Every structure is written in structure tokens, then in C-alpha cells.
Amino acid sequence: MAGKPVLHYFNARGRMECIRWLLAAAGVEFEEKFIQSPEDLEKLKKDGNLMFDQVPMVEIDGMKLAQTRAILNYIATKYDLYGKDMKERALIDMYSEGILDLTEMIGQLVLCPPDQREAKTALAKDRTKNRYLPAFEKVLKSHGQDYLVGNRLTRVDIHLLEVLLYVEEFDASLLTPFPLLKAFKSRISSLPNVKKFLQPGSQRKPPMDAKQIQEARKAFKIQ
Amino acid sequence: MAGKPVLHYFNARGRMECIRWLLAAAGVEFEEKFIQSPEDLEKLKKDGNLMFDQVPMVEIDGMKLVQTRAILNYIATKYDLYGKDMKERALIDMYTEGILDLTEMIGQLVLCPPDQREAKTALAKDRTKNRYLPAFEKVLKSHGQDYLVGNRLTRVDVHLLELLLYVEELDASLLTPFPLLKAFKSRISSLPNVKKFLHPGSQRKPPLDAKQIEEARKVFKF
């Protein structure tokens, strides 16, 4: 059980990508077992490997962990990326939750029915520009340090970098008014483990387009 | 700052109720400042009290914490309701996330447009009966202990009790096939702090009906 964590998910970002990012940033090698057919998913369920019948699932240290946040919390704790005390962890959790909310809002756009996409995209841009990015720019300004919490790398720095890259994919001009966030993005991107994950050939996943999503939905009968 | 936590939210369950439950179960007295008008909410925002401009917000130990999970995690850690080690916490988190998902699914039904309510209610009942309750019945069966993790009270026991009460409100017959969960519900309900919270006059909030939600929607434009 001292082997590499094994990640069970589709070959896509979805709810596993933030876990991939965190493991990579921690310098932890991991193995992936992609779910490629409904039978693959059904077997995981039948074998009792998925509490709540849901993925992502990560096999780590003898556990079969489901639920993205539970997995992230465990990895962050194990690899000392979760702050030095209770109060730092509270800030990390608060910031992480905001980031996960925005990540989901952006990530859902590609799943969105066409008649809703324009309105949802406008909302996502508004929230990015007027709520989330200002909040984090303000954190960086308030303490003038290189990392969001405790002046050292924690999970929330990784989560924020990930979402900034999605924002950039989405509409690069959204980052323009936020110089401290742009500097943060460069800084965290330059960390050795992160730099490696950003290189082609890493286990990072590309965005899917609407057609690929549609095909996956048919294959897995997701509504 | 060593005073009581102060909770800022509407006078309703919503995303604050699980926090009220956890504080109550921990025996922690708290104060509530209800948001009763759009101006109340606007003032909280303008004064910079809400990171991400959202409630719930809890003032505790000099912090103004937002995000339900961040608040719950802090309270659970502070009051030693979060397991004895990393692995217990992982189980607690996994179970908690499942419970929060189902709590939200049930809680959203009252917000649901009428044309969708029947289908969403059917889905919520199916998930309750075929996914979530079996999963927790199985946990209790697998170790035969009184609590879900580590054989002592943790946050997840409080969250599960809260959820079972909502399931009962939704459709009491859903609990019938799950004897261990029913026994769990009785057991946790009998703990002194929990029993007190279940009594009338506590800070526990009743369900809102669709009309009350509609009125709140008009006032707050959500």
C-alpha cells in the first residue's frame, strides 16, 4: 500500500483535475485507470469500490476515497500543504471553496445546453471579474507575500493557479486588471513540480469541446 | 474575541443550518444576527465582511469566515469532532460530502419550479433510498459501533442525524428498510446537547414552505 496513488476517472478534467494538480504539485507520482466504457464504471460499482456509486475515486494508503474534497483534504494533509494551524486551515478552506465554486461555474459551461450558454457565460465572466478575482487580488495586496496563506506553498495556491489558467482559456482579458494575480500565476507556474506538470506529456488533461462531451454523455448515459 | 460565535444569515435553514447543528452538538452557545432586508445584506457586503459577497458568515475567534464547509471544518477541528488522525478525517470527509450532497438535493426541492418538482422529488427519493441510506446502513453494519467513525462522536454523526430528520420530513417511509440508521437516529437524538437542540425554543429552524420562499425571493431578488 506504500505504492503510488491510483486515480479512477474518465480521461478528462472534470472533478479529478484538481486532484491531479495537487498530487503533481506535491511531487507525488500517481497512476491513472481511465473509465472508458459503461462496463468499466459498472464494475467499479459492483465491486463495492465506490461509496455513493460516484467517481472520482482514489486508492491511497489502503483506502478507496470518493468525493473530491475528501480526497483533496487527505492529500493536502499528508503532504503538508494545509497550513500550520487551525486558523491557517480555515483561511485555506475559505479560499479553496471560493475557487472550487468558480472552477465549477466555468467547467459547467461546456456542459450547458446551447440556449443557456450565453447567459451562463456572461454570469461566469461577471463573477470572475467582479467577485472572485478581486477577492484574491485583495488577499495578495493585503499581505504582500508570495503565497496566499502563511507565506509558504499550500493547496490553495495550486487551486488558484489552476483556476487562473481556466480563466485565461475562457477569456484572457479578464486577468488584465489584476497585476498581483498575474504575477502570482507566473510565480507558482515556475515552481519545479508545477512547471513539470505544465509541460506537454504530463498527466494534465486538455479541455474537452462540446462534441466530445456529447459523445461521452451518450456512452455513459449521463443526463 | 473569546465571546460567542456570531452567525450572520437569514432566519432560515439554508446553508447555515448544518453549522447551527454542529455548534449545538458541541455545546457551544452562539448568537444570531438575522439578515432581514436587502439593506442588511448590502451593509455586510459594503463593510467588507463577506469574502465573495456571500453568506453564511460566522464571526469566530477574530475571523469572519464564509463558505459553509470552511466554517464546519473549523468548528469541528476546534471542538475535537474531526477524528483522531488523518485517516479518520478522510472517512469523515467522505461521509460528510455525501451527506451534504443529499441535504442539498432535498433542500433544493422547496426552491424548485413547480413544473420540475415532481421529477426532482422522485430523483431525491430514489437517491435517498438506493444510494445514500444503503451506504450509511452498510457503514454501521460493517463495524457495529454506535458512531460512524472511530467509535466516538464526530461531526459526521451530527450531519447524518440532521439529514435523517430531513428525510423523515420528506417521506418517513424511506427510513423503514434501514434499522441500523433508525437506531442511530434515536441514539444520537438522545445525546444531551442534541436533545436540547431538538426541543422547541432552541435555535433550530423549521422548514419554509414555498410561499415563504417566494416572498423571500421578492425581497432579496435571488
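Count begins at 1; order follows the chain as displayed.
Glycine too: its Cβ is placed from the backbone N, Cα and C atoms.
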According to Swiss-Prot, which candidate in A:LYS45, A:LYS46 joins A:TYR9, A:GLN54, A:VAL55, A:GLN67, A:THR68 at the glutathione site: A:LYS45
Sparsest-packed among the binding-site residues, when each Cβ's other Cβ atoms within 10 Å are tallied, from A:GLN54, A:GLN67, A:THR68: A:GLN54
Recorded positions, contacting chain B; criterion Cβ under 8 Å; candidates A:LYS4, A:TYR9, A:GLN67: A:GLN67
Cα-Cα distance maximum in Å, computed over every pair in A:TYR9, A:LYS45, A:GLN54, A:VAL55, A:GLN67, A:THR68 that the record assigns to glutathione: 17
Neighbour tally for A:TYR9 (glutathione binding site), based on other Cβ positions within 10 Å of its Cβ: 21
Nonlocal residues around A:VAL55 (glutathione binding site), in sequence order (Cβ under 8 Å, 6 or more apart): A:HIS8, A:TYR9, A:PHE10, A:ARG15, A:MET16, A:ILE35, A:LEU41, A:LEU44, A:ALA66
